[in-house]
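Colleague: This structure is in structure tokens; I'll ask about it shortly.
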Amino acid sequence: MADDKKTNEYTIEMDKLDHGNKDFEAPAPAVRPRGPPVAQLANNPILPVLAYCGSSILMTVMNKYVLSGRDFNLNFFLLCVQSIVCIVAIQTCKVSKLITYRDFNSDEAKKWFPITLLLIGMIYTGSKALQYLSIPVYTIFKNLTIILIAYGEVLWFGGSVTGLTLFSFGLMVLSSIIAAWADIKHAVESSGDATAKVSTLNAGYIWMLINCLCTSSYVLGMRKRIKLTNFKDFDTMFYNNLLSIPVLLVLTFLMEDWSSANIARNFPSTDRNGILFAMILSGLSSVFISYTSAWCVRVTSSTTYSMVGALNKLPIALSGLIFFDAPVTFPSVSAIVVGFISGIVYAVAKIKQSAKPKTGVLPMSNPPVSASSQSMRDSLRS
């Protein structure tokens, strides 16, 4: 009986089938569920590229807006606010499981502290240069840092420079010469005190030279130190900003004027909210740059990211012409175009080098630590 009951459980009762349906077709294949719209949007290559470019432009424009105030002289305070905002932002992202990075370790902090000092020198001199120079000129002159880094790697890491890379360096130098000539020519020919304008430009060029030296020292030192700590993208950002906060606080209170009169000059009542908002937004933009560049590499490729980084110089330079009173002359536009072409040639040279086997040729993309370490350096240079 038990066996009959089991058999009956698996018996197909044919009389319950639909005899009117003579076509026994195979069932249609199951349709794979499509990913959610948000996931499809996140994997669209256009979105991360636009987000990366927008973040770079945002950071440069916000910094220039704050620094272009007529009497602004609290540069260390600006950098301290940016570091605090950055730490709060990435810690919030870590708690939200958007990013991951190491917890604080005192031994790692001691190893990394010299790099943080180089970073402070780099961002401070960069802020001073941007204060005196227009965004297009500042962007063009930042290309010279690439040359110093390249030959620093030749000296200390046993690399070499290819012919195409050398050609791009020549274009970078040429664009810088044209930009400086255009700036000085405009200052001399424009109305007002030409001597004061030229002296302001000269101060900007001196700060720019110091910034190029500090930036190359920071990048080369970071490459060597990363080998000891094995830091990833946001590890570097976390330690850089966390360790720089106490140093910047000491420097701003010791070296900058915190009298009520100077605070009123730096933060006039009519623009106070706008300046503070720009400070916060510039700090957030450095996080945006690192996140969007890693996103760009993940969705596209490192080759595409290299080209985007080169092409991004043009909209950053143009933002100075659009949002600020940078002179629009034939020499200044020519300098932007030549600098733009030099960036493309340099990116192509990097791509060709990465496609070849490693035979002692200088890795012009700098240390291939991770997908967005280069992007973080770009954010600091912007």
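Placed from the backbone N, Cα and C atoms, the Cβ positions cover glycine too.
Just lifted these from Swiss-Prot, have a look:
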type     : residues : note
COMPBIAS : 367-382  : compositional bias 'Polar residues'
REGION   : 358-382  : region 'Disordered'
TOPO_DOM : 1-40     : topological domain 'Cytoplasmic'
TOPO_DOM : 62-71    : topological domain 'Lumenal'
TOPO_DOM : 93-110   : topological domain 'Cytoplasmic'
TOPO_DOM : 128-134  : topological domain 'Lumenal'
TOPO_DOM : 152-160  : topological domain 'Cytoplasmic'
TOPO_DOM : 183-200  : topological domain 'Lumenal'
TOPO_DOM : 222-233  : topological domain 'Cytoplasmic'
TOPO_DOM : 255-274  : topological domain 'Lumenal'
TOPO_DOM : 296-303  : topological domain 'Cytoplasmic'
TOPO_DOM : 349-382  : topological domain 'Cytoplasmic'
TRANSMEM : 41-61    : transmembrane segment
TRANSMEM : 72-92    : transmembrane segment
TRANSMEM : 111-127  : transmembrane segment
TRANSMEM : 135-151  : transmembrane segment
TRANSMEM : 161-182  : transmembrane segment
TRANSMEM : 201-221  : transmembrane segment
TRANSMEM : 234-254  : transmembrane segment
TRANSMEM : 275-295  : transmembrane segment
TRANSMEM : 304-324  : transmembrane segment
TRANSMEM : 328-348  : transmembrane segment
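Please go over these features one by one and say how buried each is and what sits next to it.
Modeller: Tertiary neighbourhood of the topological domain 'Lumenal' (62-71): same-chain residues 78, 127, 130-131, 135, 262, 265-266, 271, 274-275, 278-279, 281-282, 285, 320, 323-324, selected by CB-CB distance under 8 Å and a gap of 6+ residues from either end.
With a threshold of 8 Å between CB atoms, the same-chain residues lying at least 6 positions outside the topological domain 'Cytoplasmic' (93-110) that come near it are 229, 231-235, 237-239, 242-243, 287, 291.
Across the residues of the topological domain 'Lumenal' (128-134), the predicted structure has a mean pLDDT of 91.
Long-range contacts of the topological domain 'Lumenal' (183-200) within the same chain, counting only residues at least 6 positions beyond its ends with a Cβ under 8 Å from a Cβ of the stretch, are 132-134, 137, 327, 329, 331-332.
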Colleague: Would you kindly check 72-92, 111-127, 161-182, 234-254 and say which stretch has the most C-beta pairs under 8 angstroms to the transmembrane segment (201-221)?
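Modeller: Ranking 72-92, 111-127, 161-182, 234-254 by Cβ pairs under 8 Å to the transmembrane segment (201-221) puts 111-127 first.
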Colleague: Looking at 72-92, 111-127, 304-324, 328-348, which one has the highest count of Cβ pairs under 8 angstroms to the transmembrane segment (41-61)?
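Modeller: Per the Cβ under 8 Å count, 304-324.
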Colleague: Any chance you could find the range in 72-92, 111-127, 135-151, 234-254, 275-295 with the most Cβ pairs under 8 Å to the transmembrane segment (328-348)?
Modeller: 135-151
